[in-house]
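Inspection log for the structure reproduced underneath, given as C-alpha cells.
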Amino acid sequence: MDDSKHILITKILKNEVTEALGCTEVGLIGYAVSLCNISDPFSIDKLELTLNNGSFKNAYAVGVPNTGKYGILPAVVGGLLGNSKNKLLIFNDITYSQELEDFIKEKLEIKVIDGPLFCNIKIKDNSGNYFESLIKDNHLNVVIPKIEKEKIDVEITTSEKGEYKNLELIDFLDYLDEIPEKIGKLVEKTVQTNKNLIKGDFLNYGTDILSIIVNKTTSACNTRMTGENMPAMSVAKSGNMGIMATLPIISYDSSTENNSEKLIKSVLLSMLVTIYSTYNSSYLSSMCGCVSKGGMGAVIGLCYYKNGKNLKKLDSSARTFTANLPGIICDGGKVGCALKLASGCFAAYSSLFVDISYENGIVGKDFKECVENISKISKAMGDLDCDIVEIMSKKM
C-alpha cells in the first residue's frame, strides 16, 4: 500500500490503542486531579470540578479501581492519592482513605457543561493558594499545567484525523498484509490484556458459539465496570469499546479455529474500524459508542475472520449491523453496559448470516456509507445528553 497511508495508520494505532485502569473517564478525573500536585489534600478549602456531559455520564456510576467505590467522588480522592506519571493508570497502587473522602465530600463542587471532552480542576487551599489543571479534546491532552511531552507520546493532528477518515476499507485490509512488528506486538498485548478481564460468568446462556461470545465479552465488561484492579486496552480512548472490538473475535477464534494469525489480523482490523467510526462521529456522544463503533469494528473483524478479504461480504455485514442496533443511548459507564455489549455481540454475530439490503432505513450501500449514516444520527442525538444528565443528576 501507499507508504504515507501505512505511516498514518501506524501512527493512529499507537495513539488510539492504550492501556487504561478502570473506566476511562474516572481515570481522566483522577489524572486531572493529580496534575494539581497537592502535597497535603487536607489543606484543600475548595475543589471545583467541571466536566463535559459525556465525561460526567461515564464517571457517574462506574467502579473506581483500588477504592471499592463507585463514581466521581472516589475518582477525585484517588487522584489526590495517585501519581500523575501514571496518567490513565492513576489508581495504580493507591491506598484509599475514607477519612480523605469524608473531608473532600464537603469541599467538592461539580459542574457539567455541554461540548466535547473537558475536565477542569480548580483547587483553593486554606492558605489562599490556587491550583488548576485542564484536559480537553482527548484524555491525554493536558492544556494546564504545561508539561513536557514525553517522546513516547504521539500527537495526532486534526488534519491527520481527517486523512484517516478519508481512507477506504480496502486501505485497512491492505495494511493487514504489512503489519509492523511493533503493531503486531501491540495487538498481541491487547488480546492478552482484554482476555485477562474474563472472570467467571455474567450471562451464561449455554455452550454454542454466540453464547460463548456474549458470556466472555460481558464478563470482561463487568470486571471493568465494577472497578477491578485490572487494566483494559482501550480503543479510541474507551476501554469498553476496546472490549467490544476485541472479545467477540477472541471468543470466536477460541471456539473455532484457534488461528493466531487470523486472530491478530481480525482484531487489528476491528480496532482500525472502531477508530474510523469514532473519527466520523466523536469520542463521546448520546449514542452508545461501544455498540455503534466498537460493534461495527467487531462486525468487520468477525466477517474478515470468517470470509477473508471479501469486500462484498464485509459490506453486507456492515449493512446488516446498521439495520439493527445504532441508536441505543449512552447513559454513562456502569455495570449495565455489559447488557448493551451483549446486544452488540448478538447484532455483530447475526450480521454474518443475513444480508439486509440498502433500501432498509438508514442502511448504506457499503461499509463507508453505513458508518457515515450512523455518525450522522449520532451527531443529531446530541441534545439528548442534557436530558440524560438531568435525569442522572437527580440521583446525586
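Placement of Cβ uses the backbone N, Cα and C atoms for every residue, glycine included.
What Swiss-Prot records for the [4Fe-4S] cluster site is Cys288, Cys330, and among Cys337, Cys345 the residue it adds there is Cys337. Long-range Cβ contacts of Cys330 ([4Fe-4S] cluster binding site) within its own chain (separation 6+, distance under 8 Å): Gly54, Lys57, Asn58, Leu284, Ser285, Ser286, Met287, Cys288, Gly289, Ile388.
Between the recorded positions Cys23, Cys288, Cys337, Cys23 has the most other Cβ atoms inside 10 Å of its own Cβ, all protein chains included. Each of Asn240, Gly289, Cys290, Val291, Ile328, Ile329, Asp331, Gly332, Gly333, Lys340 belongs to the same chain as Cys288, Cys330, Cys337, is absent from that list, and has a C-beta within 8 angstroms of the C-beta centroid marking the [4Fe-4S] cluster site.
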